Amino acid sequence: WRVLAIYMILAANLSEQQALKQACPSCDASQLCNCSSMGLDFIPLGLSAKITVLDLAHNRIKRIRSQDLQQAVNLRALLLQSNKISSIDEDSFRSLAKLELLDLSNNSLAHVSPVWFGHLFSLQHLHLQGNSYRDLGESSPFSSLSNLSSLHLGNPQFSVIRQGNFEGIELLHKLWIDGSNLSQYEQGSLKSIKKINHMIINLRNGNIFSEIVRDLLHSVTWLEVTDIELPVEKKSLVQNSTRPFRIQKLTFKEAFFTDQTLSQAIVLLKEITSLKELEAIDCVLEGKGEWKTKEITRSGQSFVETVTIIKVMIQNFHLFFDLEGMESQINNLKRLTIASSNVFMVPCKLARHFSSLLYLDFHDNLLANKRLDETICEGSWPSLQTLNLSQNSLKSLEQTAKYTSRLPKLNNLDISQNNFGAIPDVCEWPKSLKYLNLSSTQIPRVTTCIPPTLEVLDVSANNLKEFGLQLPTLKELYLTKNQLKALPGATPIPNLVALSVRRNKLNSFSKEELEGAQVGSVHLSLMECHRSLVVSVICILVFLVILLLVAVGYKYHVVWYVRMTWAWLRAKRKPKRAPLKDVCYDAFVSYSENDSNWVENTMVRELEQACPPFRLCLHKRDFVPGKWIVDNIIDSIEKSRKTLFVLSEHFVQSEWCKYELDFSHFRLFDENNDAAILVLLEPIQSKAIPKRFCKLRKIMNTKTYLEWPAGEEQQQVFWENLKAALKS
């Protein structure tokens with residue numbers, strides 16, 4: 001009877017679970033609860049300890065209350081972005097000690113309270129950007145977050161950063177700050193953070209930029225600044241900075257430069273001796289290249305080894321100066337990328353001073369053959385090993401090969417996506433060339449223009465109909481997206497180890513095509529030969545096995561018996577009867593939620609207002625909040641003299657059949673135990689009771705039970721009999 005009571009109360013409390021299932025259908029029996037974009041105005045009831053990921057993004061939630069997440073003690077990720085949250089109770093996250101990700105971005109929070117995060121000891125990722133707070137308060141909201149790895153904060157209203165705002169944070173993998181309208185920065189505010197791998201800050205106020213840089217030189221490895229307009233700054237960037245410097249990479253995105261501000265920035269950045277890489281993406285330069293080259297030269301040598309410039313817009317770029325006087329600043333540069341920036345030439349005099357450059361990427365520019373003669377003149381780029389000229393305006397393959405042959409150490413050349421059209425029979429290439437990319441160049445055939453020294457050749461997407469070159473050192477050949485009807489011969493390419501012939505017109509292979517290197521040791525699996533068929537068969541078999549298991553489990557009630565055994569073992573460890581001093585109720589009432597009106601408004605009033613009154617235990621009223629419901633049920637039964645079961649058709653049909661009696665193990669019934677009182681609220685057909693509950697049917701056939709009569713006179717007798725049973 002104890003376990004029956006457990007089931008009855010569980011069924012009564014399923015209303016909260018039903019509400020959760022209705023709000024978030026994916027929450028049912030799942031650790032990941034997806035409630036995003038459901039139009040919710042509040043966090044749904046019924047969240048349990050089994051949930052590890054809760055997604056409530058893109059709803060209309062305005063407040064997080066103390067009890068909303070109280071039971072979700074195993075939550076690892078909580079996504080609340082893009083709601084209307086303006087209020088969070090101080091202890092809303094108190095029970096989330098295992099939480100690793102909290103996203104509160106794009107809400108309406110007007111302040112950030114350190115109390116919210118006081119118990120989030122495992123938190124690694126915190127997103128607070130896109131709210132309406134103007135500052136972080138007088139102290140640090142993050143002082144208890146010792147495991148924090150990434151922090152996103154700021155918004156268009158965010159205007160002040162104070163000293164102490166970041167106290168408690170020692171190491172961050174990523175720090176992202178939207179400071180587009182930041183107007184006040186107290187010097188030293190970011191200095192307390194010992195290490196930041198990557199920091200991104202949206203900053204329009206150029207005067208604050210230098211102050212922030214001074215505080216970050218010792219901690220940040222990669223600093224990325226967006227939307228900034230650099231001022232004319234003459235004050236040192238390393239003044240009062242902590243050494244040794246850690247910063248290695250500086251990126252500007254969507255920034256605005258003039259000739260004057262860029263010249264001054266070059267001078268000031270030389271003081272940062274640890275800086276090795278500069279990057280500019282989607283920036284605008286207003287000027288013609290009239291840089292202060294003398295001042296730049298006097299400031300000494302640059303330590304930067306890598307420069308990347310992508311999609312930089314220079315109005316009237318065709319009037320840009322040749323940067324004469326900058327020769328001394330490029331001697332130590334090793335990698336240079338200028339892409340999608342309308343580059344049409346590099347002056348020969350300047351090109352000859354790139355004495356240490358190993359890698360040069362000019363893809364997606366306006367380089368043509370006439371200007372390539374100037375760009376790659378005799379003596380230019382003496383150490384260059386890799387050159388990317390793809391997506392330019394090159395028209396002559398013969399001239400392109402001739403000009404690149406001036407590069408004595410070049411071994412990797414990409415000239416793909418140029419419209420060459422024709423290919424000559426003979427070309428002059430660098431003697432050390434090993435890799436050549438000629439894909440998408442509109443060449444109609446391959447000739448001996450292709451250098452025989454190659455180890456890797458890519459001629460994909462050229463509509464080639466055949467390939468018959470002799471390339472004795474070639475190891476990789478890419479022929480994708482052509483019109484080949486036969487494989488290239490094996491004899492001319494004896495050292496080939498990789499061949500790509502996808503998307504051609506190959507129908508069969510002949511023995512002669514495979515002569516040369518042995519392929520007998522290659523064993524293709526059934527999956528490689530018939531992948532689609534094998535995958536289809538596996539999917540069908542898996543589906544049939546799952547279907548069979550579901551059918552067997554349903555027929556023999558496997559899940560029910562497993563759960564029954566588990567609950568039975570738990571109940572057996574409990575004592576059958578609590579000490580008399582602990583008994584504080586006359587009866588524990590177990591009933592279906594559908595019969596709550598009769599129980600709570602009729603039976604409770606009659607018994608608790610009797611003389612002397614009976615004290616009843618009801619789950620809705622007397623359970624301990626926050627305690628597991630099963631423990632509540634067992635404890636309440638043990639503290640009650642009797643257990644009163646209210647049986648009805650609702651009980652045996654709706655609740656039992658729908659929820660399969662998760663914890664109703666009727667084998668625990670003791671037929672000779674008079675502690676159980678059965679009240680039959682309405683006639684129950686014996687055949688309506690599921691067959692596997694034979695114990696209940698047997699007890700109803702052998703044990704006296706009280707029936708609720710229809711007439712008022714018989715009802716008075718019913719109450720007297722029930723009171724006598726409770727007193728016995």
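Cβ atoms are placed via backbone N, Cα and C, with glycine included.
For Cys449, the cysteine that TrEMBL lists as its disulphide partner among Cys377, Cys427 is Cys427. Around the Cβ of Cys427 (disulfide bond), the same chain contributes Leu397, Glu398, Ala401, Lys402, Cys449, Ile450, Pro451, each under 8 angstroms and 6 or more positions distant in sequence.
Ranking the disulfide-bonded residues Cys33, Cys348, Cys377 by the number of CB atoms within 10 A of their own CB puts Cys33 at the top. If you measure from the Cα atom of Cys33 (disulfide bond) to that of Cys348 (disulfide bond), you get 63 Å.
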